[in-house]
Every structure is written in C-alpha cells, then in structure tokens.
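The block underneath contains the structure these notes are about, expressed in structure tokens.
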Amino acid sequence: MKTGNESIKTVFILSGLFQYGHMDIFLFVAIVILFAVALMGNLILFLLIQLDTRLHTPMYFLLSQLSFMDIMNISTTVPKMATDFLSNSKTITFLGCEIQTFVFIVLGGTEALLLGFMSYDRYAAICYPLHYPLLMSKKICWFMVTCAWTSCSINALVHTLYVFHLPFCRSRLINHFFCELPSLLQLACQNTSQYEYTVLLSGLIILLLPFMAILASYARVLTVVFQMSSGKGQTKAISTCSSHLIVASLFYVTALSTYTRPHSLHSPGQDKAVAVFYTIITPLLNPFIYSLRNKEVIGAMRRLLV
C-alpha cells in the first residue's frame with residue numbers, strides 16, 4: 001500500500017487558467033461552450049469534405065486533415081481544463097501528464113507542417129496550374145501527411161522521454177492549465193540549459209521553417225495573382241490564400257513565442273495566455289475562416305441539407 005508521500009510523487013497539480021475561485025462556474029460554462037462550438041465546427045467541416053465528392057481535391061483533403069487535428073487538439077487539453085474549474089484537487093497523474101505532453105507535441109508539430117503543405121498546395125495551384133495534378137497527386141498528398149505525422153511523432157517521443165526522466169524534486173505544481181513542455185522544465189531540479197537548445201532547434205525546424213515557406217510561397221502567389229487579367233480570378237485566389245494566411249499567422253506566431261524563447265524569458269501568465277490561442281482560439285476559428293469565406297464549402301453544405 002502506498003503512503004501519502006509516495007502517492008504525491010505519482011501526480012502533478014495544475015494551477016489552471018485562472019486562479020479566481022468565484023469565477024469558476026462562469027469560466028467552466030464559457031470553456032464548455034467554446035469547446036462545443038470548436039468541436040462541432042471542425043467535425044461538420046471534416047464530414048462535409050468526406051461526404052461531398054466535389055470536395056475530394058488536394059486542398060480539401062489537407063483541410064480535412066487540419067480539422068481532424070483540431071478535433072484531437074482541443075480534446076487533449078480543453079476537457080481537463082474545464083473539469084479543473086469544478087475540481088478542488090486539479091491533479092493529473094504522472095502517466096496522464098506524459099501522454100498529454102506527447103499527444104500535444106505530436107498534434108502541434110503535425111499541424112505546423114500541414115499548414116506549410118497547404119501553402120505549397122495553393123502555390124502549385126496558382127503558379128503552376130497545368131502541372132497541378134502531377135504536383136499534388138493523391139500519392140503526394142498522402143506522402144506529405146504521413147511524413148508530417150511520422151516525423152512529429154518521433155520528435156514528440158524524444159522530447160517526452162527526456163523530460164519525464166528528469167528529476168522533479170521541486171514542487172509538483174505546474175503553473176499551467178495542461179502539461180506543456182516549458183512549464184514542466186521549470187519543475188526540474190537539473191540544469192536543462194543544454195536541452196533547451198534542442199527545444200529551440202525543434203521549434204525552428206517545425207515552426208519557423210514552414211512559416212517562412214508560407215510567407216515565401218504567398219509572396220510568389222501574390223505576384224502571379226496581380227498579373228492576372230481576370231478580376232474574378234484575383235478575388236478568388238486572394239480570398240483562398242488570405243484565409244490560410246490568417247490561420248497560419250495566428251498559429252505560428254503564438255507557438256513560436258512559446259517554443260523559441262529562452263527559459264529565463266518565460267512567464268507563466270504569458271505562457272497560459274498565449275497557449276489559449278493555439279489550444280482553443282485557432283481550432284475554434286479554423287472551420288469558420290475556411291467555410292464562411294469559401295463558396296465551395298457553403299455550396300456543399302447546401303447540397304447536403306437539401
């Protein structure tokens with residue numbers, strides 16, 4: 001039978017998003033509503049793309065993958081955060097924290113690479129329309145997605161195994177609303193300055209490189225678009241690309257601010273505020289940005305409802 005001290009060593013305590021007890025019910029309701037809207041929005045978009053054959057194109061295949069990742073993303077962090085508003089203990093087991101960290105890193109990294117592939121899709125469609133079927137064939141699309149999942153799973157496994165083998169001899173209180181890598185490093189009683197360079201390197205490769213590729217590809221796209229003689233073609237191209245650029249900018253800027261900053265510059269309050277964007281706000285906005293501004297998606301929804 002485990003003693004009290006031994007059982008404490010098997011759990012972490014999450015401080016939560018806010019620490020104002022009198023607002024717990026209100027925050028719980030607000031988070032549940034946001035979670036439900038984000039879940040339904042992404043689920044509807046995912047099913048719509050699967051059911052409507054007119055949306056069986058490379059662009060919508062990648063978009064369906066994004067919706068699937070967002071469903072998993074919010075399901076990994078938000079339910080636990082919401083229940084903690086009504087819980088006095090706010091504990092999470094060592095294994096649960098380890099799984100949450102691994103899954104979150106996998107999903108975050110895969111989404112970062114996927115957004116980069118989506119920009120390549122628009123680049124190929126607008127700049128090389130005649131070669132588009134070859135550049136974005138079904139095999140290439142699946143290859144992109146498989147590479148993203150595989151590489152980010154390996155990256156997440158390496159980071160998770162390393163961090164959870166560190167000695168946590170300080171407080172078990174994680175000053176966050178979920179188990180995120182930078183917050184866990186603050187609990188380690190071992191010097192992690194060398195390891196932080198690997199986190200920075202991973203962040204630069206998985207986050208910054210795709211973001212730079214997106215900016216470069218859209219610079220080229222805009223050049224081609226403004227050379228078009230058709231005003232209707234310009235409007236459609238700009239609308240499609242701007243939607244993706246809005247989502248990408250919101251995701252990358254917030255994620256980069258967390259995973260490329262030195263440990264000494266991290267503030268728990270800022271980390272939690274920034275994390276809200278890529279754990280709740282981005283998955284919430286993604287389906288609406290892509291659907292409400294996309295006539296093909298709206299048309300598919302009308303055909304499904306009629």
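Glycine residues also receive a Cβ, built from the backbone N, Cα and C atoms like all the rest.
Keep in mind that this is a model prediction, so the values were computed, not measured.
Across the domain 'G-protein coupled receptors family 1 profile' (41-290), the model assigns an average pLDDT of 88. What TrEMBL lists as domain 'G-protein coupled receptors family 1 profile' is 41-290.
If you look at the transmembrane segment (25-48), the same-chain residues 6 or more away from its ends with a CB under 8 A from one of its CBs are 17-18, 55, 63-64, 67-68, 70-71, 74-75, 78-79, 81-82, 85-86, 280, 283-284, 286-288, 290-291, 297, 300-301, 304. TrEMBL lists 25-48 (among others) with the feature transmembrane segment.
For 60-79 (among others), the entry in TrEMBL reads transmembrane segment. Beyond the transmembrane segment (60-79), the same-chain residues lying 6 or more positions past its ends with a Cβ under 8 Å from any Cβ of the stretch are 31, 34-35, 38-39, 42-43, 45-46, 49-50, 100, 103-104, 107-108, 110-111, 114-115, 117-118, 121, 141, 144-145, 177-178, 279-280, 282-283, 286-287, 290, 296.
For the transmembrane segment (99-120), the list of distant contacts is 59, 62-63, 65-66, 69-70, 72-73, 76-77, 80, 92, 144-145, 147-149, 151-153, 155-157, 159-160, 163-164, 178-181, 184, 202, 206-207, 209-211, 213-214, 217-218, 244, 247-248, 251-252, 255, 278: same-chain residues at least six beyond its ends, Cβ to Cβ under 8 Å. The transmembrane segment feature in TrEMBL is assigned to 99-120 (among others).
Summarising the annotation, TrEMBL assigns transmembrane segment to 140-164 (among others).
Taken from TrEMBL, the feature transmembrane segment covers 200-225 (among others).
Residues 59, 108, 111-112, 115, 118-119, 122, 126, 203, 207-208, 210-211, 214, 218, 221-222, 225, 228, 274-275, 277-278, 281-282, 285-286, 289-290, 293-294 of the same chain lie 6+ residues outside the transmembrane segment (237-255) yet bring a C-beta within less than 8 angstroms of a C-beta in it. Here TrEMBL flags 237-255 (among others) as transmembrane segment.
As annotated by TrEMBL, transmembrane segment applies to 275-293 (among others).
Packing against the transmembrane segment (140-164) from elsewhere in the chain are residues 58, 61-62, 65, 94, 97-98, 101-103, 105-106, 108-110, 113-114, 117, 181, 184-185, 188, 195, 198-199, 202, 206: each is 6 or more residues past its ends and has a CB under 8 Å from a CB in it.
Within the same chain, residues 109, 112-113, 115-116, 119-120, 122-123, 126-127, 152, 155, 159, 233-234, 237-238, 241, 244-245, 248, 252, 255-256, 259-260, 262 sit at least 6 positions outside the transmembrane segment (200-225) and bring their C-beta atoms closer than 8 Å to a C-beta of that stretch.
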